[in-house]
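**Q** My questions all concern the structure below.
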Amino acid sequence: DCSRPSLARPPFLPSSASMNMPHSFGSASGLVLGDSPPPASPNSTKHPVPIPTASSISKRCWPVHPMLRNELDAFSVHFYIFFGPNVSVLPDRPAVFVINLLPVLDSGGVLNLELRLNVSSLCGENVTVFGCLNHEVPLTSGDNASVTCETESLSGFLLSVNATASLSRLRIPYPQTGSWYLSLRSLCATEHGFEPCTNVTAEVYLRAYLSPCINDCGIYGQCKLLRTNNYLYAACECKAGWNGWGCTDNAEAFSYGFQLLSTLLLCLSNVMFVPPVAIAVRSHYLMEAAVYIFTMFFSTFYHACDQPGIVVFCIMEYDVLQFCDFLGSLMSVWVTVIAMARLQPVVLYLLGAMLLSMALQMDRHGLWNLLGPSLFALGIMAIAWTARTIRRRHCYPPTWKRWAFYLCPGALIAAAAVLLYAFVETEENYFYIHSIWHLLIAGSVGFLLPPRAKPSGRLGPIARRKGCGYQLCINEQEELGLVDPAVASINSICTS
């Protein structure tokens, strides 16, 4: 610590010694940098460490520039330099900066470092600015002949910018917390290697920040915050066969034609709902037909928006499309089973819509969101069919053709769809297994939807014949109170 020369510290400590690095944001301090002496045992007295003089300290002591932090969000922190972000690298001394990463808060993201050289500040000289980033212990770029960022016991990250390559980036996923030191040093290229420059001050734009993911995972990935026990970290969830830290590895990526094919399969398979809609309209099941149209519309555009890569088309927000697609699918099952039970009260449809909406808000991807309402509706249908069977004293539905050609095939198709959805569908086979799911569910609805209900067996009012169906005889004079009923002749008025 150059600010305390009274301490008997060598200019360079062994790697085993602990360095009291400055962590204050406001105080000006410095570090002693140079070549490390051979490490000595703590108990050894054969090789005493020389105590530096004031003149040697002034030659080797360089100021450390602290960087202020600005927290924006989870794993999103920007580091700022006083009087920055442009940094002047003098020819006779390096510029050293310290980045402090806090435990837990900063270890789950990506440390990004960017150097950009201002070519106009080089005055025509062949200057290269080397940067050395190291954890806890600052390092320089080595001697002039071989520019490295390593010692016998330490190793850092080396960056370089020059007139040809004026931009250099470094990304460190899940960085170790503590102090990271960046030392910038300008050297001029000659025939014998690199040498210190004379009267050339290089200007470098320095940017350091923390981000949750690398480049927000690009167009083929999604950045997600994950928690494992007490550890919180961010990671990219890649799609369409892309891999890597930032979803940039296309070794197993899907081609454009494959993406287009998967999108068309998932979208066009919903056309299978057209026959159930026509059957429902023909049988006067208008509410069921409206639910099927709702399901077909939102399932088509949800899968068009849900695709990874560049074959994507969204007419609404993704969350809205997903909710409507899931709700329409479950409501299609609900109204079909209620129609099979020959129950027409609107309260059952409203109750199903409210309960399904609540279940989807709790967990949209849960298997019981599909099986629970389906089993409940099947229970209602079983009770209704049992009651009709007992009242009529014969099996309901009464015809064997209804069982053989409609109910049994429809039930088998629906069961196959549920088994595919629950046990076969994975992320790898999603696009074609889910397309088969659309075809099977829509096909089962066409078989299971009951025919139009026949008129009731009760007879209406009997049509009356023309003329007097019966006679009502009223004594006109008695009604008028003109004569005594006992002696008056009876003149009847007959009315139908």
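In case you wondered, yes, glycine gets a Cβ from its N, Cα and C as well.
Remember, TrEMBL labels are computer predictions, not curated facts.
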**Q** In TrEMBL, which of 308-327, 368-387 is labelled transmembrane segment?
**A** 368-387
**Q** What range among 70-89, 430-449 does TrEMBL record as transmembrane segment?
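**A** The listed stretch tagged transmembrane segment in TrEMBL is 430-449.
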**Q** Quick one: mean pLDDT on the domain 'EGF-like' (236-247)?
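**A** Result for the domain 'EGF-like' (236-247): average pLDDT 89.
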**Q** Would the transmembrane segment (285-304) count as touching the transmembrane segment (368-387), if touching means at least three Cβ pairs under 8 Å and pairs must be 6 or more apart in sequence?
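**A** They do not touch: fewer than three Cβ pairs between the two stretches lie under 8 Å.
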